[in-house]
């Protein structure tokens, strides 16, 4: 069964067992919408997790990104799946701007939450890392992001400039540099110093994904940030994230523990 099929089926399951708010706008663009999965029980201690999907910035969408909501919503966590304008409709500058604005919108709409957390997979981990590296003064907010799960991510875009991945993105070297989290460690340190960061990689991820995760983890650690590294055994680039549908999966347990819901 393909990754898209698994995540679609599990997203449909999440929508059937939770209260959902679909296509909530966070901006004026066609792709600037959120899907919100809300726990049925109202508790004063409600953490919120924002999920940024992967797909090499050119595939997938928020519409099959609710799969991880099933075990989280049952523990009282609000899950928000973010839509953004994938290539060729959107370019890298726009996507980074969109995910930052999505967080601003979530904070404005859900000011009562007990904690804000991020999770991103592959391209989504890159976008989550760029959110962590935001200078929020230009947005007139100062979000307290408590934790972030960066799963099988890309943190330096320059190596993909000469690959097929860049064909629809059309990134120049300048665009790649200004959208690479590895170049924004000082800003991340200022914006997200108190954030617990987990950098996770699949045992069977490609050498480049493994290299980038290891190097980004070491850079965060050297900068004095609260970061841990998870090398997840018996996983590949796709099932490392799709297994978040299972409450007994290692990363699901870590995520729930981080949010005080274990």
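Glycine residues also receive a Cβ, built from the backbone N, Cα and C atoms like all the rest.
Segment annotation: TrEMBL labels motif 'HGGXW' over residues 53-57 (candidates 48-52, 53-57, 58-62).
Across the motif 'HGGXW' (53-57), the DSSP tally of helix, strand and coil residues reads 0 helix, 0 strand, 5 coil.
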